[in-house]
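Take a look at the structure below.
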């Protein structure tokens, strides 16, 4: 590539001047990537500066990209014109200027032909504090290059394709070396963020890890404390770019060896070996920065501290917490190592929109290449049953609906998400029997056992019948029968409208489901739950007393013990014992059905 650029683009030879033992190198570039930059907007800007006798050159990272054979995504320009002179030029040409925040630093942004052009006046740093600099404008291109951080970022391209290289940046780029311009310590002290910029560009340019200049590493160690004054947001931008570049594991190890990590919000005792292992097995799959960084964390507190220092996004923080929590316990099944089931079950249960994305990052962390490919192809299935479906078949209790839905979800997961709505609901309806049938069956069983027992007692002891009984039935038994009949009638009265309107809504698409009457009829089913306690209190003789207690709160408390109520409960208990004693077999025997309705 370098030979192609050098041979095809080198036109007039080299001009070599010597300044402070540094060589000034120039060459001419005419590649298709360079020519593609000349849009109508750039041509118009170039004509304006040439007409007003000011020089305009391409600066910064765009030069590095063009020399590497890439078309830059973003192009910055430098000029000998001052901000006031640029404003005068643009105003005279009727060109709109935007974003005047950079004007005090010498930057003017012009918009022409729907393109933005950021142009900065040449400058030198008069005073710096490690974060900000007071600048002075100049027309000396070398002085402007001298204040830049790295040699590969200190070059300029003229609009005719001429390269202006004052500090051997082109040579460093060819040799894939990253060096500071002049003194590394001086450049770092001008802006301590340059420590992280060095690591970021090393990951982009250097061919191999470990080829750092000793003086550079020493300068970083001695000035690492300066990062404590740099904003977390700026640190995070550079750190993320370092983590997605080449040699990320090596660079993070160097960051710890030079004692830089503690000033970046990273844990002092970070698990560097774990990060090296994760990077080694996953860097070809482009893990997210937080996926790699989470290998350093030993617990969730480390994630919280990083967020406090760097102000990471909520999505990034959640991913970090997810990785720390699940990287050890959410693993493939030993019985089915080729199956995604543990991971897909987690996604189904979590119901988070980004659950699948997080799971892909977890599989990268764990080095599961084949499972990662399967996860990327897997489409999240939709659970086919809803609470509305359960209400349609007569289940109205919110708690019961939640329990049934969870049970159905477990069954559905066991089927590998294959069971349909009809299959799942049939599972429910087989277990749901009409309550009225269960009540009548329980009444029939009670009457049968008690009548049978009374008959036996009358034969063996004719005098045992109480005077209050009628035809062998005591008052308690008669009351039980009456109460049961009333409960059944109340059930029929309350539930019949509900089932009627449900069938109506299913069979008639034009049913007035949103009307008040329709809604009231559907809610009558819930009235059944309120009616049963009232019926029970009425037959126990307690309803009047309960009403009076509500109406007369100031009166003395009414006594609660009710002999008849105890007798009625006892009769059911005795019936159940008789059933056990005689060992009679009755299908679906449910002695508590009267009370659980």
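Glycine is treated like the rest: Cβ placed from N, Cα and C.
TrEMBL assigns the feature transmembrane segment to residues 519-539, out of the candidate ranges 456-476, 519-539, 540-560. Your range for transmembrane segment, going by TrEMBL and the list 416-438, 485-507, is 485-507. Counted with DSSP, the domain 'G-protein coupled receptors family 1 profile' (474-536) comes out as 54 helix, 0 strand, 9 coil.
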